[in-house]
2 protein chains.
Amino acid sequence: MKKQRGLLIVLSGPSGVGKGTVRKELFSQPDTNYEYSISMTTRNPREGEEDGVDYFFRTREEFESLIEQGGLLEHAEFVGNYYGTPLAYVHETLEAGRDVFLEIEVQGAAQIREKAPDALFIFLAPPSITELEQRLVGRGTETEDVIARRIATAREEVEMMSLYDYVVENDQVQNACDKINAIIVAEHCRRERVEKRYLSMLRGE
Amino acid sequence: MKKQRGLLIVLSGPSGVGKGTVRKELFSQPDTNYEYSISMTTRNPREGEEDGVDYFFRTREEFESLIEQGGLLEHAEFVGNYYGTPLAYVHETLEAGRDVFLEIEVQGAAQIREKAPDALFIFLAPPSITELEQRLVGRGTETEDVIARRIATAREEVEMMSLYDYVVENDQVQNACDKINAIIVAEHCRRERVEKRYLSMLRGE
């Protein structure tokens with residue numbers, strides 16, 4: 001019988017929203033049963049960062065040669081440094097039936113959406129829906145200018161989130177983690193997935 | 001600003017799968033924050049059953065008059081008795097922004113699927129995927145007849161589940177409840193719902 005392929009979970013969102021903090025909290029929980037895919041970068045390690053733990057630190061030459069070989073699931077360049085997701089680890093882990101978790105920038109997420117439409121895309125959003133709602137219906141103490149800027153930011157975020165399956169507001173790290181874990185549990189119960197498993201079992205695969 | 005409409009949650013599944021037990025366990029948990037819609041029936045109360053708690057007990061005449069008025073979201077007849085879901089309570093509760101939970105038979109669920117495509121449909125399944133998998137790859141101690149019957153049952157269940165969004169195996173009541181709660185949390189994070197809320201807020205609705 002064929003092993004059920006794991007789920008590719010992509011957490012992304014606007015810069016500064018707290019993706020790294022949420023990811024660290026998720027992986028500090030003892031019952032987390034999905035695997036973290038470590039990113040690769042050409043930037044220098046910061047103090048305390050370890051190769052193979054925080055990132056795979058590689059030279060530009062090594063990174064570019066991996067790009068040419070098609071060895072990255074996604075990659076992007078920021079301020080002169082490459083960041084990317086090594087394909088082999090993701091592929092092998094999924095094939096072994098385990099879920100893989102990526103925490104990446106929105107550009108990378110868009111690349112994966114094209115290559116792996118089956119993946120689960122979670123957008124981490126600032127707690128602006130609730131905040132904005134309160135502020136817009138609030139006591140009118142904000143200047144029009146401040147309100148206009150907030151609405152513009154909210155609009156950009158709504159446009160960004162349109163590629164994602166789920167939106168989690170990062171109001172508190174623990175709340176966000178609980179929602180992400182609920183989403184992963186729910187996604188494993190989606191009828192399409194369960195039905196596929198049933199059918200392949202009935203066919204004796 | 002318009003209140004976000006609540007979510008209609010429909011739990012159903014094959015007869016005898018344990019829907020009532022799971023529903024009772026869900027509503028015995030103190031942090032359950034969705035409302036139970038009490039069914040209406042023409043059957044006689046069993047010992048210990050209370051009108052307005054377990055069911056709304058009504059005469060055939062009252063029930064049929066409600067059907068004629070379009071006052072039921074779904075209804076069906078079993079062994080000479082009517083069972084149905086009063087529409088008014090469901091509608092008012094959803095409009096007030098609270099989630100409503102129904103535990104009904106598969107025929108009723110099919111009626112709601114047509115009227116309320118936005119609802120969340122959860123199929124409670126016997127733990128047959130896992131069990132069947134183990135048995136089919138097992139030690140070959142079952143007769144061909146027994147295996148054939150199990151496969152036939154599994155096929156019927158796969159066909160039944162095709163109208164549903166999620167499938168939860170009722171291997172253990174607490175596991176099933178945890179999964180159902182995760183599905184409800186996840187569903188509130190679905191991008192379409194959050195995006196709609198964002199957009200209506202930006203339009204100042």
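Don't overthink the numbers, they just go from 1 along the chain as shown.
Cβ atoms here come from the backbone N, Cα and C positions, even for glycine.
What you see is a predicted model, and the numbers here were worked out from it, not measured in a lab.
Annotated domain 'Guanylate kinase-like' per TrEMBL: B:6-185, in sequence order.
Annotation comment: TrEMBL describes B:Gly13, B:Pro14, B:Ser15, B:Gly16, B:Val17, B:Gly18, B:Lys19, B:Gly20 as ATP binding site. Neighbour list (B:Ser15 (ATP binding site), Cβ cut-off 8 Å, at least 6 residues apart, same chain): B:Glu105. In the three-state DSSP reading, B:Ser15 (ATP binding site) counts as coil.
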For B:Gly18 (ATP binding site): intrachain residues, at least 6 apart, with Cβ closer than 8 Å: B:Leu124, B:Asn170, B:Val173, B:Ala176
Whole-number mean of pLDDT values that fall within the domain 'Guanylate kinase-like' (B:6-185): 89
Same chain, 6+ residues apart, C-beta under 8 Å of the C-beta of B:Pro14 (ATP binding site), given in sequence order: B:Val106, B:Ala125, B:Pro126, B:Glu157, B:Met160
Shell of the ATP site beyond B:Gly13, B:Pro14, B:Ser15, B:Gly16, B:Val17, B:Gly18, B:Lys19, B:Gly20, same chain only (C-beta within 8 angstroms of their C-beta centre): B:Leu124, B:Pro126, B:Asn170
For the binding-site residues B:Gly13, B:Gly16, B:Gly20, the one whose C-beta sees the most other C-beta atoms within 10 angstroms: B:Gly13
